[in-house]
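Structure first, then comments.
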There are 6 protein chains.
Amino acid sequence: MRPSGRAPDQLRDIRITRQYTMHAEGSVLVEFGNTKVLCTASVEDGVPRFMKGQGKGWVTAEYGMLPRATNTRNQREAARGKQGGRTLEIQRLIGRSLRAAVDTKKLGENTILIDCDVLQADGGTRTASITGACVALVDALTYLLNARKIKEDPLVGLVASVSVGLYKGTPVLDLDYVEDSSADTDMNVVMTQQGGFVEIQGTAEAEPFTLDQQQSMLTLADSGIRELIRLQQQALGW
Amino acid sequence: MRPSGRAPDQLRDIRITRQYTMHAEGSVLVEFGNTKVLCTASVEDGVPRFMKGQGKGWVTAEYGMLPRATNTRNQREAARGKQGGRTLEIQRLIGRSLRAAVDTKKLGENTILIDCDVLQADGGTRTASITGACVALVDALTYLLNARKIKEDPLVGLVASVSVGLYKGTPVLDLDYVEDSSADTDMNVVMTQQGGFVEIQGTAEAEPFTLDQQQSMLTLADSGIRELIRLQQQALGW
Amino acid sequence: MRPSGRAPDQLRDIRITRQYTMHAEGSVLVEFGNTKVLCTASVEDGVPRFMKGQGKGWVTAEYGMLPRATNTRNQREAARGKQGGRTLEIQRLIGRSLRAAVDTKKLGENTILIDCDVLQADGGTRTASITGACVALVDALTYLLNARKIKEDPLVGLVASVSVGLYKGTPVLDLDYVEDSSADTDMNVVMTQQGGFVEIQGTAEAEPFTLDQQQSMLTLADSGIRELIRLQQQALGW
Amino acid sequence: MRPSGRAPDQLRDIRITRQYTMHAEGSVLVEFGNTKVLCTASVEDGVPRFMKGQGKGWVTAEYGMLPRATNTRNQREAARGKQGGRTLEIQRLIGRSLRAAVDTKKLGENTILIDCDVLQADGGTRTASITGACVALVDALTYLLNARKIKEDPLVGLVASVSVGLYKGTPVLDLDYVEDSSADTDMNVVMTQQGGFVEIQGTAEAEPFTLDQQQSMLTLADSGIRELIRLQQQALGW
Amino acid sequence: MRPSGRAPDQLRDIRITRQYTMHAEGSVLVEFGNTKVLCTASVEDGVPRFMKGQGKGWVTAEYGMLPRATNTRNQREAARGKQGGRTLEIQRLIGRSLRAAVDTKKLGENTILIDCDVLQADGGTRTASITGACVALVDALTYLLNARKIKEDPLVGLVASVSVGLYKGTPVLDLDYVEDSSADTDMNVVMTQQGGFVEIQGTAEAEPFTLDQQQSMLTLADSGIRELIRLQQQALGW
Amino acid sequence: MRPSGRAPDQLRDIRITRQYTMHAEGSVLVEFGNTKVLCTASVEDGVPRFMKGQGKGWVTAEYGMLPRATNTRNQREAARGKQGGRTLEIQRLIGRSLRAAVDTKKLGENTILIDCDVLQADGGTRTASITGACVALVDALTYLLNARKIKEDPLVGLVASVSVGLYKGTPVLDLDYVEDSSADTDMNVVMTQQGGFVEIQGTAEAEPFTLDQQQSMLTLADSGIRELIRLQQQALGW
């Protein structure tokens, strides 16, 4: 039924590769099918000015796409001289989501900068980014603990994210680009390891959706995210 | 119980004033309590390049805040040389929401540019913007019909928007700034006159929220939006 | 004789409304006929770097127009990524004019930021801005005095501004947009309560003007500004 | 009495050197004492979009200062990424002033771009720019006539400009930097060969000025500009 | 002797992986030891405005580094709002080098846009970029030939690039980051398959270098580039 | 044989005029035939942040062209809002070259800012800039010594620069614009007074060049630079 041939509740092949590049404290290549995102977590001393003196840390994120990550080439944002609205929206979402994973008091006045750069896009780049970045974040926290820069583990729990949508009226999980383009509704969901909702962003593309449809989509997201969290744990060797 | 003294399901005083300024085809001052937004709808011939030749129209939005609309002055975005991420995110939301109100085929190759400028902010500026802009949009469509630039009314139905949140565990409607600052969850909901969901954007500020809480918040939003649509209709003299 | 039907020496209906918005220390809606400008005065601790350590305060101004304040929509400067030359020229003029109203030594190391945002334009936005902003400035000075942040009133005297022009050879006062567009000469004059000139900016649009014409225009401006200062005083309850 | 030792009504040494550089259709080095500005006039086919199809030409100007034209180095505007407010204000003034010298109908759909670049600054850069640029403009018009690109001379008359001010209460002509810094009032005046005023921009630096003072300053400017126009004519070999 | 333990004339391990991502007409991951660059070649119809109507094609390049490609994180250029001088310099070099590989007349009015994005940096990112991009370029030309968009192969010959330097007085090939940081001289050389020089960019870091040293470095570069071209051919299956 | 009629090894007329403008610590007009560049050296206290506390000085350069320095007018970079790639490349080259002339330890924590502004361009603007800027730099160092701001002369030796190229197969020295446009190869060489190479930047425009050709060009550059250094010494009165 789905263009991808997957069952409605079936994730794409998910791969989470740690230590993908050598410089960052956390470096993860996350693949949701053909969507491939390099997520790095960089540790920096200190916090931004607006947070100084509170004894708390900061987690923030930036997002980018390589110009030819997509089917037709997009203009390089550095060459255009600014990040687009979509980019800013996504990186704000990633930042908020990862802050839900961390107790910033235990982080001390350290900053963790997440960079999510899409090497290849096939739908779901923001959900893959959050899922991969959380693993990179854990590696950066481990680095801080091992380097004796912090004493307690600031991790509250893993967070992961998946998209759900209505494809010809049926709720489907983890849409690829083709499915996303023809879906009636697109919803990105971020949840914690404990099963709580961190973010829900649902948009009716063609037809408005009902409370019932919304309910079914969230239920589907919940099961997908449980599986993603299991894969994050596996990648982390937990 | 609420800082504002309102009942959990009580909207602020809502005022919708049409023809607030004289140049725009639609011009509405919308007030949600102390939040005041000037929404104008400007009609322009033609459509952006990426839509040319499809015989369809376009509806888009821009959002801004006067520097001292808020308690402490914000730097003027024109002086900083760019719009911030929050601004871009909100104007993208307004644009998507209003496109759900319109049949772009019936609009012909005309563009309607919505400007939402916040004169005074006290929480809920994006939901007030959408609610007021929809009335300005209707006035702009009426202008197009009266000027014989289009033949059929492109309006599919009104859209309106409200925020809901969890305040000390209780779902509350239409949060003002003080309530929003201390709420656990903040959710912005956009719905059509027909009762369908157009957008749901929920963010857990402190604690993740549950499926049940989400459900209660949406139910509350639904009742608030029905009332807002009634007020839009009243303002339009329907 | 004038398109507006006014006598050559007749101002438009002037309205000055204080406390128009709630957050700013001074907030004034000024109306010169259909020209409506929201002027806020924001008090900030400290002064810009180039003034530090001199024990003196600073007054500066920013100016903007809502995109649809005018008959055809102007591109939003925040979206274009820069303020235009006209904007910068006007805000420099407003800043210089208001600094003439204040003894910066008595202001201490405080900054007053004036924002003039045009809600509706019909000619004379810069002269209305100066006239309204001066009232907002007085309210901000009163705030500083009441809050015991300064000891002496820094106000040297009110300043106000009006445009004069040559319309079909006759000097006319306070031109609206239609008159301004067809005037031969356009002159903006800023004066103090004491009757001194602070700024004169005259431009021959079509034909150069003579010393005599210049003289008559300044005399007309002088009488208009006296009336405007009376209205400022009335608004201030003096 | 004046820091420069000049009589109140005495210009600095003025030099106007044509064909100072080799590529431009008009190229003039203008010197007002130690102020040195290179003014070029470049002829381009066609007019900006907003003027197309009217059969009229366009004259516009840009202004810049070399970073070390001044006593302390100014940041290069190209490196800062934008032109400052002062720069924009001056180039708008230069453009308006030169358009007063030309009958744009006789210019056909040609554009003359004036560049005024200050090599060394010692006060009065904008007045020197206008005075020198007018000579470069005449050379560019001659080029157009000689190249048979236009049939009639579009020159309406020369324009020139000088500053006047109040120095210790006395009106003085053509202020250098030291005089300008301590003057009470600074007024820039642009006049035509025929003796009409094109622009008057007067600013009270310390004390407001009176109608009488303004009158005396304009009279002084008038005599200075007559002399400048004589020097322009001499340079042009008229 | 070298920090890397390599012989003076020894390249790092070179790997050239084609079809590394799926959307681009040419997509190559090139590795010079730990330096990893993703090079894509995108085919676009038409040429930039300045080349229209000449019947010739265009090859151009853009370069970027992921923020954490390096040991300490670099600010994202898209977030800073501009590309730095180093970036522009490198992408101009890549573009010029690849244009030497192509007969633009045979390319027709098509553009090939090369993107070189550094995933991991360890010295020599520009030389790796050129070497990898040339293989991606060949794949894009093959695409154009197979798609019948051009008739003749525009490839004049492969180009490749390597760095050479003086390390403690000895000429060494293909410097990694540690070697580069302590080298006296750094020279980047681009050559064609036919053995001609396309670009030489040599910089004395500490001590100026002599004609003899320059000679030895070029000889070393020549042998390294021959080997790189052999590896390009191998990767292309020639 | 050469379009300029010069012998292959003949420089253009070189003129080096010191104290060309009055404000800068060093100010030199350098002329290579019709190429005229104003080079100023400005002394500033302190060093950029990345160099603080090392007890060393800094030398850096900026480059610009007046819009009509060239045959057709170039858009003003300050108006475009950014410096182009060519500009950045050239100013980085000038900065690196001049740092080779100075022992930054002896300079103390002082910065010398070089500005090279092209008044008239006819090929070789970057080589003229380096050659003239070095003389301005020496004057700035003398200023520092005379003002007792430093104790020892930081000058290591003069640097100068010239272009060489292959014109119809023959190596030629110091190409003007016409020669440069039709040359097969263009090479810019920077050397020290002691005869060492500081920078070599060679680009094959049409045909790749050989090791032999490269050798002949460098030999030619060497003789030209010896002559330029003699002229620098003459200008300095050494």
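Placed from the backbone N, Cα and C atoms, the Cβ positions cover glycine too.
Please treat TrEMBL annotations as automatic predictions, because they have not gone through curation.
Worth saying up front: this structure is predicted, and the values here are computed from it rather than measured.
According to TrEMBL, the protein carries these features:
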BINDING   B:Arg86, B:Gly124, B:Thr125, B:Arg126  phosphate binding site
DOMAIN    B:10-140  domain 'Exoribonuclease phosphorolytic'
DOMAIN    B:157-221  domain 'Exoribonuclease phosphorolytic'
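Secondary structure counts, DSSP: the domain 'Exoribonuclease phosphorolytic' (B:10-140) has 38 helix, 43 strand, 50 coil. A C-beta separation below 8 Å, combined with a sequence spacing of at least six in one chain, links B:Gly124 (phosphate binding site) to B:Phe32, B:Thr35, B:Val162, B:Ser163, B:Asp174, B:Leu175, B:Asp176, B:Asp180. For the binding-site residues B:Arg86, B:Arg126, counting C-beta atoms within 10 A of each C-beta gives the highest total at B:Arg126. Same-chain residues with CB within 8 A of the center of the B:Arg86, B:Gly124, B:Thr125, B:Arg126 CB atoms, the phosphate site residues themselves not counted, are B:Ile90, B:Val118, B:Ala121, B:Gly123, B:Thr127, B:Ala128, B:Ser129, B:Asn188. Look at the domain 'Exoribonuclease phosphorolytic' (B:157-221): DSSP puts its residues at 17 helix, 30 strand, 18 coil.
Mean pLDDT across the domain 'Exoribonuclease phosphorolytic' (B:157-221) comes to 95 in this model. Its own atom aside, the Cβ of B:Thr125 (phosphate binding site) has 25 Cβ atoms within 10 angstroms in the protein chains shown. Here the binding-site residues are B:Arg86, B:Gly124, B:Thr125, B:Arg126, and none sits under 8 angstroms from chain C, going by CB atoms. For the phosphate site listed in the record, the two most distant Cα atoms among B:Arg86, B:Gly124, B:Thr125, B:Arg126 lie 13 Å apart.
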